[in-house]
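Presented below is the structure to which this report refers.
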Amino acid sequence: MKNTFNTSNAFASAYSFWGYVIGFLLSTSNRLYIGWFGILMFPLISLATVAYIAAFIFAPPVDIDGIREPVAGALLYGNNIISGAVIPSSNAIGVHFYPVWEALGFDEWLYNGGTYQFVVLHFIFGAGAWMGREWEFAFRLGMRPWIFVAFSAPLVASCAVFVVYPIGQGSFSDGMPLGISGTFNFMLVFQAEHNILMHPFHILGVAGVFGGSLFSAMHGSLVTSSLLAETAGDLSLNVGYNFGQEDETYSISAAHGYFGRLIFQYASFNNSRSLHFFLAAWPVIGIWFTALGVSTMAFNLNGLNFNQSIIDSSGHLINSWADIVNRADLGMEVMHERNAHNFPLDLA
């Protein structure tokens, strides 16, 4: 009779080992939750971070316009923290997927800006895994799923400027550079080419970001100003607070009454749940609209155009603010990629 003792023990040992590993990955008691999405997130974010830092410091100049005039973005090539950036992939690459094995060598890959695609794609998928990990952790704790829904706003905004816009424009060289001055350059060129300031979805995004900041400051100041005193007058309010206590720490009715009389009654919330839903939804929806706007402008469905739209009874043009902005747009348009342009045909 065949002896199956050792085989059975091996299966049991393997099962025990993988059971331990899976239990560790999915444990909600760990100081840092990992989860199934964490298996994807941690290496992707780590690779993107290491590659970004290395490229920001050491990467050689990149032929961003595809005309053999490389642009330097690394610190070792004379840049500082403000002017430095990871330069987008070359216009010669277009929207082709450009991993290192597609180049003739590592030097060519660097020259054509392969690091930009490497950092961006690892970051996008890593951030997507982070969002999935937020849902997974909330699910295991029995929480509602709205945390990952809120995080979807910055994720879709990142996808819009790093992935959708380059695809719509036909080249990753049109993506947003990974640096401070590069970001501002991207914004100016975007305005010049798409008139984003006159796009309704951008206006909604501005309202979402600035409105969210205003509402957050208002909420924080109201809560801090209406804390319930559990101590004597000569002691700090913090002394009477215990972390995790079930009792309320501030009086929402007092805050509601104050703000309702400061503005008007219906400008204030008397329900904590509706208040915090509003605080979350306002900026998230605004940023969703901005991402949608950038994604539509990626395919040249641009902002509204009111240039030369006002004339007097004699048919003479009366310049408006739209015409002034248009003149600024023309100036920015001819200044960027100036060696790749054939002025003035580029403005036709």
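Cβ from N, Cα, C; glycine included.
Note that the structure is a prediction, hence the values are computed from the model and not measured.
What Swiss-Prot records for the quinone site is S268, F269, and among H202, H219 the residue it adds there is H219. In Swiss-Prot, the feature transmembrane segment is placed on 201-222, out of the ranges 3-24, 201-222. Between the candidate binding-site residues, D174, E193, the densest Cβ environment within 10 Å is the one around D174. For the transmembrane segment (33-50), the most Cβ-contacting stretch among 122-137, 146-160, 201-222 is 122-137 (pairs under 8 Å). With the fewest other C-beta atoms within 10 Å around its C-beta, W130 stands out among the recorded positions W130, Y165. Counting only same-chain residues six or more apart in sequence, the Cβ atoms lying under 8 angstroms from the Cβ of H336 ([CaMn4O5] cluster binding site) belong to N185, L188, V189, A192. Non-local neighbours of the transmembrane segment (201-222) in the same chain are 255, 258-259, 275, 278-279, 282-287, 289-290, 292-293, 296, 303; each lies 6+ residues outside the stretch with a CB under 8 Å from one of its CB atoms. W130 (pheophytin a binding site) falls within a helical segment according to DSSP.
If you take the CA of D174 ([CaMn4O5] cluster binding site) and look 10 A around it, the recorded positions you hit from Y165, H202, H276 are Y165.
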